[in-house]
Amino acid sequence: MSQIHKHTIPANIADRCLINPQQYEAMYQQSINAPDTFWGEQGKILDWIKPYQKVKNTSFAPGNVSIKWYEDGTLNLAANCLDRHLQENGDRTAIIWEGDDASQSKHISYKELHRDVCRFANTLLKLGIKKGDVVAIYMPMVPEAAVAMLACARIGAVHSVIFGGFSPEAVAGRIIDSNSRLVITSDEGVRAGRSIPLKKNVDDALKNPNVTSVEHVVVLKRTGGKIDWQEGRDLWWHDQVEQASDQHQAEEMNAEDPLFILYTSGSTGKPKGVLHTTGGYLVYAALTFKYVFDYHPGDIYWCTADVGWVTGHSYLLYGPLACGATTLMFEGVPNWPTPARMAQVVDKHQVNILYTAPTAIRALMAEGDKAIEGTDRSSLRILGSVGEPINPEAWEWYWKKIGNEKCPVVDTWWQTETGGFMITPLPGATELKAGSATRPFFGVQPALVDNEGNPLEGATEGSLVITDSWPGQARTLFGDHERFEQTYFSTFKNMYFSGDGARRDEDSYYWITGRVDDVLNVSGHRLGTAEIESALVAHPKIAEAAVVGIPHNIKGQAIYAYVTLNHGEEPSPELYAEVRNWVRKEIGPLATPDVLHWTDSLPKTRSGKIMRRILRKIAAGDTSNLGDTSTLADPGVVEKLLEEKQAIAMPS
């Protein structure tokens, strides 16, 4: 694999890069051998109210998983992202907002963003929100989403951002689990010319009898669309901030005070509230942003991720703003109203650094040269990829067509739980191979292990674990530390298990091969198979369901659901549509099955366990080696499934 064509470091990058190959080696070695010294120094990327004396205090030991960084230091995230830039760079653009409609865009300076955040912080205080309270944010991609998040951090409230594509049921579940006191939303969102009924979804979520903690709903007027209104509970954003002062002293927070909860799909069905704290998280987000994107003051940076995902937290907002960068926030989609929209936005705003997902890249690649028609993209210097492994063909297309064969592609591997980049190239320090995330970031100690947890040396393939802590690591799952230990530290003792498999080549470059557990990666978004199965079996006509992922050209993985109906029920085109809509309503459009495979029975072991390995192979059409079927209670089921599969039209 090391024989694959290597992309060398372009001269224009090498000439002014922040980290060259020699510096990377020296800094990486220090970060591993002397983490207290290394991170003690790197922590100075932030302004601290009370400087830390302690740096690292962590344990991955069974029954005693505990992660603390900079634990005696105090700071405020919003002050680091806003206040400290005002004197020198108050007039610099903090956020460029590009609307779904290309005629709508605006520039918001650091001074203006600071003013808006102070006003909203005072609004939150007036509504009785205190340090430690949880605030749910269900917003479109508008600057006010950033204002809401930063205002929470400013007063010490914990934000729980919920992706605007989630259904009312999913929203309710997250509000209940986190005990949110306030919901911030918008009348509607806008995406690819369509309105998204955000306020209606919140109304429906709050009808759930188990939602008892919410006192108010603050509503931003985005479209002016007609919405229901509950007097006393619902409040207009503009009415509230109008009366609020633009002066606010940021709350002094301990480095280990909670900053946000972000729900991510688990393999057991119930979404997990990943909890990040303030100090270590922001040090890590800022440092990774600066070095991985080789950020120079004045660069225009665009991360296409929604604020509802961790990428939107770390690399649309907090990392860039902590570094005083100009970050572009895009309400629309990369290929609407024309396939060249992404390239047009790059030219319009003279973007230097572009960070997007393989799903978007593959969708544009399918359009060929229409994706770059009428654009030159000459402002670009660095390209990035996030969300799932990028296949070499898409990587090469991205490098060649979007980046004009001159921009390094930083293919970043990380997770909601890691807070920031883990395995990634550095533009001036790493020769690139299409499809490889390359080498670990500072302080990250990856290892590949076999099923027993034994480390594998040299060029090999195995489960990807991290053997020691890093500052951006999630501290726990909200309200469930036992599940945190069980999920990430019980498979392999004294190691963090990522749930991903990987290959390491002769150059010690890492190639991520995908999930090894029951989590799907659809368009760069994680979905638990158990969550989708629970939604399916909740349908009154469905007896049983098993969900697997199959390869998909655009989305990376498509959702393939095996469904057995209750006795007396018959499959029909109407039921097919009804079941797909049912899942869409229960979880959201992302979770809609691409294929429903009606069947009478599923392959089970004698103990009743569904053999997913076999279902994956059948769904993917890989029937050459189904492996050991001797433990099946009824081996004949497999033949029947193979026959049924012949008649199924597969998504392209």
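Backbone N, Cα and C atoms are what each Cβ position is placed from, and that goes for glycine too.
What you are looking at is a predicted structure, and each value in this text was computed from that prediction instead of being measured.
Binding of ATP is annotated in Swiss-Prot for G387, E388, P389, D411, T412, W413, W414, Q415, T416, D500, R526; the matching candidate from R439, R483, R515 at the same site is R515. Neighbours of the Mg(2+) site: apart from V537, H539, I542, residues of the same chain with C-beta atoms within 8 angstroms of the site's C-beta centroid are A535, L536, A538, P540, K541, A543, E544, A545, V563, V579, W582.
Secondary structure from DSSP puts T412 (ATP binding site) in coil. A sphere of 10 angstroms centred on the C-beta of V537 (Mg(2+) binding site) encloses 14 other C-beta atoms. Closest to I542 (Mg(2+) binding site) by Cα-Cα distance, out of the binding-site residues A192, R194, N335, S523, R584, is R584. Within 10 Å of the Cβ of P389 (ATP binding site) there are 22 other Cβ atoms, across all protein chains. Of all residue pairs in R191, A192, G193, R194, T311, N335, S523, R584, the annotated binders of CoA, the farthest apart have Cα atoms separated by 24 Å. If you measure from the Cα atom of A192 (CoA binding site) to that of G387 (ATP binding site), you get 21 Å.
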